[in-house]
Amino acid sequence: LQTPASLSITSSQEKVSMVFRKLPGVSASGMGLRLSQKFVFLLFLSGLVTLCFGALFFLPDSVRLKRIFLSKTETQPVTVGSGSENDAREPLKRPKDPEPPRGMTPARGETSTKLKNLSRKPTVSREATEERLAAGKALEDFTLYGKFKGCLLKPPLGRDSGRPADPETNERREKVKEMMKFSWDNYKSYAWGKNELRPLTRNGHIGNMFGGLRGASIIDSLDTLYIMGLMEEYNDAKEWVQTSLDLNSNGEASLFEVNIRYVGGLLAAYYLTGEEMYKSKVMELGEKLLPAFNTPTGIPRGVINLGSGTSWSWGWASAGSSILAEFGTLHLEFVHLSELSRNPIYTEKVMNIRKLLNKIEKPHGLYPNFLSPVSGNWVQHHVSIGGLGDSFYEYLIKSYLMSDKTDEDAKKMYYGALEAIEANLVQKSPGGLTYMAEWRGGILDHKMGHLACFSGGMIGIGADDGAPEKRQHFLDLAAEITHTCHESYTPTKLGPEAFRFDGGGEATATRLSDRYYILRPEVIESYMYMWRLTHDPKYREWGWEAVEALEQHCRVESGFSGIRDVYSMTASHDNMQQSFFLSETLKYLYLLFSDDDLLPLEDWVFNTEAHPLPIIRKSCMQDEATLGKTVSE
Ligand code: DMJ
């Protein structure tokens with residue numbers, strides 16, 4: 001059987017023999033044989049040459065043969081510039097790595113990113129130029145961070161990370177560290193990347209406060225893990241921020257919550273570690289918050305869509321108003337955003353709020369909780385040192401302290417507000433307890449929220465800068481408020497959400513709906529400040545009571561949970577481990593049992609979520625000599 005292919009071969013062989021038949025003296029078959037031998041030989045030779053040439057590429061650059069056969073550009077050292085012949089022959093020298101400013105060591109055994117970047121080899125391509133620019137920026141960042149470090153009076157972590165000499169105190173501190181590790185490990189096992197852990201159902205909670213941002217517990221824990229020396233856990237947290245914190249969310253966020261937890265948490269992580277990654281993340285986030293200020297008065301609204309920038313007021317806030325504790329709790333973080341970005345816009349935004357509040361008439365010198373972002377007028381006359389008002393007052397005194405005591409307006413506003421509070425809100429109960437009532441258009445509501453218990457610490461840290469004749473009085477007032485809040489912690493030794501001083505009650509929750517405790521920090525926060533200010537051992541004892549109570553009533557198999565009734569010895573858990581438990585409650589307890597040189601108050605202020613921000617020493621930062629300065633570790 002003949003296939004069409006075999007037919008075609010036969011026909012071409014016939015064509016060749018027809019050609020060879022025309023050459024005289026050579027038989028067609030003999031001539032074809034010799035030609036095909038030559039052809040095979042030539043093929044072999046050319047293959048050999050190709051192989052040898054190819055092999056040249058595998059020789060080391062120093063072999064002469066290689067330099068002869070291969071072009072110069074591939075083997076010569078890279079050169080830059082159009083200088084003299086001599087210059088051209090010089091291999092490009094690596095720019096000398098800048099010496100780290102004295103006193104600036106990479107964070108806790110890590111090589112910081114900026115140092116790694118600075119030591120990378122440059123090339124002459126476009127990438128090289130970009131790399132050089134990046135290196136220049138890294139150097140600038142490095143310098144900025146070095147300057148900030150040089151302006152601290154003391155090392156942030158103290159002589160020995162705040163380890164107390166007294167063995168019992170140290171044991172207590174270790175216990176708090178164990179509680180942090182336990183909370184963190186369970187969050188990591190069951191809720192990694194979500195906002196909070198639900199410890200009973202062992203899953204994660206996302207909620208709707210952060211506009212689609214995730215990992216609130218991670219961001220809130222960064223600095224706590226770091227100061228406790230839980231480095232493995234800190235590194236997991238850092239890696240998550242680096243690889244998984246997605247700021248391109250498109251949801252509705254509380255401007256206040258995102259600011260105090262995310263902006264505050266990232267800023268603190270940057271200042272403690274010098275990791276540029278935190279800085280660039282917080283810059284990106286800060287920009288997304290700016291559209292909230294686009295209102296007729298510049299007073300931001302409470303809710304912002306992080307994607308579109310559209311903002312609006314909370315549905316529950318009367319007549320589309322903004323909340324004092326929300327727009328009044330941006331100052332510390334925004335001033336630091338301006339510091340780091342060298343862009344004044346953030347400071348301008350919060351200064352504008354300050355200006356309006358300063359100008360507007362205040363009933364009896366008090367600041368009501370609701371203000372219209374459109375008209376700039378108060379909407380209701382409800383005044384409270386607790387929820388809706390609280391951290392506005394806190395940020396006044398802390399703005400003054402954070403400015404290295406140069407922000408005189410903040411100081412004036414703070415002491416003015418405190419005077420009005422004392423005149424109108426501060427009360428003594430029949431049993432002799434000092435408390436802060438709430439004020440509704442002149443009528444007092446004799447109730448104090450757990451949130452208002454932060455005010456013991458606030459009045460304490462501001463005591464020393466008040467008028468000389470008032471200093472002792474302020475310190476006494478701070479101690480009295482803290483004492484009242486401690487009194488509310490009974491019988492479980494945990495405190496209710498709100499307690500009253502009327503109807504025969506003394507710091508007692510009379511309504512069932514006020515009896516819950518959601519792992520809040522405020523009372524413990526005041527213990528910490530009062531300990532630092534007075535060293536009265538009772539504050540450490542009270543803190544230890546709280547640790548034991550948390551262990552007994554809030555610790556469950558897979559984390560810590562809030563409870564529904566602080567008056568019941570059989571706990572009913574709310575199944576939520578709040579992120580502020582990791583950021584604030586456990587941090588303040590840890591600081592309470594540490595030496596005062598861990599995050600010393602001479603250098604740091606804590607934002608309202610307990611994230612430490614450094615005091616800005618403007619004149620020191622501008623001083624050329626600062627970079628070489630150091631504080632002894
Ligand atoms: C925290 O998020 C902050 O302290 C805020 O200022 C008020 N409430 C919680 C903790 O209770």
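Placed from the backbone N, Cα and C atoms, the Cβ positions cover glycine too.
Where the annotation comes from TrEMBL, it is an automatic prediction and has not been curated.
Per TrEMBL, transmembrane segment is recorded for 39-59.
Per TrEMBL, the feature region 'Disordered' maps to 76-130.
Per TrEMBL, compositional bias 'Polar residues' is recorded for 76-85 (among others).
Taken from TrEMBL, the feature compositional bias 'Basic and acidic residues' covers 86-100.
Here TrEMBL flags 110-122 (among others) as compositional bias 'Polar residues'.
According to TrEMBL, the active site, proton donor annotation covers Glu257 (among others). Taking Cβ-Cβ distances under 8 Å and a sequence separation of 6 or more, the neighbours of Glu257 (active site, proton donor) in its chain are Met209, Phe210.
The annotation active site is assigned in TrEMBL to Asp390 (among others). Here the Cβ of Asp390 (active site) has 25 other Cβ atoms within 10 Å, regardless of which shown protein chain they belong to. Classification of Asp390 (active site) by DSSP places it within a helix.
DSSP assigns Cys485 (disulfide bond) to a helical segment in the three-state reduction. Cys485 (disulfide bond) counts 28 other C-beta atoms within 10 Å of its own C-beta, drawing on all protein chains shown. The feature disulfide bond is assigned by TrEMBL to Cys453-Cys485.
The feature active site, proton donor is assigned by TrEMBL to Glu497 (among others). Reduced to three states, the DSSP call for Glu497 (active site, proton donor) is coil. All protein chains considered, the CB of Glu497 (active site, proton donor) has 20 other CB atoms within 10 Å.
Here TrEMBL flags Glu522 (among others) as active site. Secondary structure at Glu522 (active site), taken from DSSP and collapsed to helix, strand or coil, is helix.
Sequence-distant neighbours of Thr608 (Ca(2+) binding site) (same chain, 6+ residues apart, CB-CB distance under 8 A): Ile260, Gly264, Thr329, Asp390, Ser391, Glu394, Tyr395, Phe454. What TrEMBL records for Thr608 is Ca(2+) binding site.
Within the same chain, residues at least 6 positions away in sequence whose Cβ sits under 8 Å from that of Cys453 (disulfide bond) are Ile481, Thr482, Cys485, Ser488, Gly495, Glu522, Val523, Glu525, Ser526. Around the Cβ of Glu522 (active site), a 10 Å sphere holds 24 further Cβ atoms from the protein chains shown. Among the recorded positions Cys453, Cys485, Glu497, Thr608, the ones whose Cβ sits under 6 Å from an atom of ligand 1 are, in sequence order, Thr608.
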